[in-house]
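Engineer: After the structure tokens below, expect a handful of questions from me.
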Amino acid sequence: MDVRLPEIPGYIVHSRLGTGGMAEVFLATQESLHRKVAVKVLLSANDEAFNKRFIREGHIVASLHHPSIITIHDIDKLADGRYYLAMEYVGGGDLSQRKGEIFHPKRALDIVRQIATGLAVVHEHGMIHRDVKPANILFRDDGSVVITDFGIAKALEMDSELTGIGIAIGSPAYSSPEQTQCLPLDARTDIYSLGVVLQEMLTGVNPFRGPSYTQTVMNHVQMEPPPLPIHLVAYQPLLDRMLAKRPDERFTSCRALLQALDELANVDVDATRFVPLPNTPPMPAVVTPVAEPVPEPEPERIAEPEPEPEAVVEPAPEFEPEAIAEPEREPEPEIEPEPEPEPEPEPEPVIAFEPIVESAEPEAEPEAIVPSAEPEEVPRRMPEVEAAESAPPPDLEPTWGLEPEPGPASDPEPVPVARSERHRRPVMFWLAWALGGLLLVAGASSAGLYVHQRMKIADLLEQGEQRLAAGRLVEPSEDNAEHFFRQVLLIDEGNQEAEQGLQRVRQARIDGYLRLAEQRFVEEHWLAPDDDSAVFYFRQALALDPAQPQALDGLNRVALVYGRLSEEAYRRRDYDLARAYIKHGLEARPDSPDLLKLWDSHEQRMRRGQAAARPEVEPASPAEPEVSSEPEAPKPNAFKRFWNSIF
């Protein structure tokens, strides 16, 4: 389908570069300076408040002279009332076209530096970009980058109306936590968005992007970004500060960010890089006089009958050398009553650290059982663990060492593990509760935000349907069907109900324009008045649907009418009127082949008609003597003159 290009005075429009929800961008040549420009044209001229915002921000950005900020050349209005903005044409594409590409760290930091310098100028002029994302970072042919689209394509005021009704403007995948929660914004929101861009350039992925709008918002509010790979660890502090959830923990300004980038550039990144050591077998954590640094210790050596190596078993994390320092003690009598659960071949792996008592070597094994607890300890220790969850653990300290008094119910060897477990379990218990509480609060907050947005969307959709049923398609300003459906898309990009609503609004507008056009055609108001004629309404319909067949046929019919009128004028030899009719027809259809042929042959037909008219006037010349003869005094002949002279 051919794209209908707008007619912009002073510009030759070549093609359409792209289109968005509020504007289209065209490639054009500025005739006065013979330079390529990108012209952004609004899709609608009905929103007066947005038109004022478009002009105001266009003027502000035009005053920002900086290499990293797009240059604006001109701002004006088309004949149909829509505003346009002529700006610098950057032909190197945008960063979003390199999605998934992993940049070299120096190149990524260079891009961030250029954008940060431009944003610093923007912030110092009292503006916030609010939509820093790869699609708004453009590449010049020399590799430098510029930031574009300073919110001038937004339909609503961010700081007033949007925060009041709970709408977050910006691209969700790059929005700051405060932006997704509709909180007041400052320059630090742009720093966060730039940090997301940096993370994506370094790793090739945006970790916050979720399968849905809601999940993406929750990720920005709750999820910590994954750490950088080991070879990029030098950049982790910079990224952590840019992506801090709280604005107070980020860089205070882009100038501070630039200073951090300068400091990072002076650091030898290779010197701070972590290099993995060669693969060497881990040494066992054993305090024995026979422990030797063998290259590959075999686990089977632990089963040797020598008493000292027998201590080479998995030590508990808090186990101390003193725990195995008393091989002379012989607590066999205390262990003798305990082997009763031994016949059970499969001890269940419960959390209470069940040890397996080796019955093959009863004389030397008691000291090797130290790192674990016996099966019968499970029912005996669980009450103590429960008590430890509700009471501080100082009373457990005396049982940590090996007590000299043997007892049938208290074995000194398993005590360290039981004590360590009793210390850890209450802490982990309360940590689990605290973490669960935090997750519950965060989930409730996100759920509340989600519910609020769903309610807002439902309300906006209902208002849009009401305005559509009442025929209030685009007027009055900010109280029409199109306005409410577009607000839904600002909250939930891609909402099907809103998109279908906009399609129905567009179709209703097209049908209305076509009805008016047919009425004016019957009334023979083909071209005049300029804003209430058949051609005007046919073109309004084509602006919404460039391939609308009835509108295209209507313009053809207008062109045919003026073609017939010109032929009638030629037959009357009224050549000036014939030429005027041809011109009017070409205004309706500039590419009409019949009218173009008439226009090219006008001079020839006029000369031929004038030449054909001359023979009809020539026969009247012989009758001139009769018509023009008047009674004259007869001239006397010679005889009469002679006779008169005598008499």
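Backbone N, Cα and C atoms are what each Cβ position is placed from, and that goes for glycine too.
Curation does not apply to TrEMBL; its annotations are automatic.
Got these off TrEMBL a minute ago, pasting:
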BINDING   LYS40  ATP binding site
COMPBIAS  305-325  compositional bias 'Acidic residues'
COMPBIAS  333-347  compositional bias 'Acidic residues'
COMPBIAS  349-359  compositional bias 'Low complexity'
COMPBIAS  405-415  compositional bias 'Pro residues'
COMPBIAS  611-631  compositional bias 'Low complexity'
DOMAIN    11-265  domain 'Protein kinase'
REGION    281-418  region 'Disordered'
REGION    607-637  region 'Disordered'
TRANSMEM  427-451  transmembrane segment
Engineer: Tally every other Cβ atom lying within 10 Å of the Cβ atom of the residue listed as 'ATP binding site'.
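Structural biologist: Summing over all protein chains shown, the residue listed as 'ATP binding site' has 25 other Cβ atoms within 10 Å.
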Engineer: State the three-class DSSP label for LYS40 (ATP binding site), counting H, G and I as helix, E and B as strand, and everything else as coil.
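Structural biologist: Assignment for LYS40 (ATP binding site) reads strand.
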Engineer: State the mean pLDDT for the domain 'Protein kinase' (11-265).
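Structural biologist: For the domain 'Protein kinase' (11-265), the model's average pLDDT rounds to 86.
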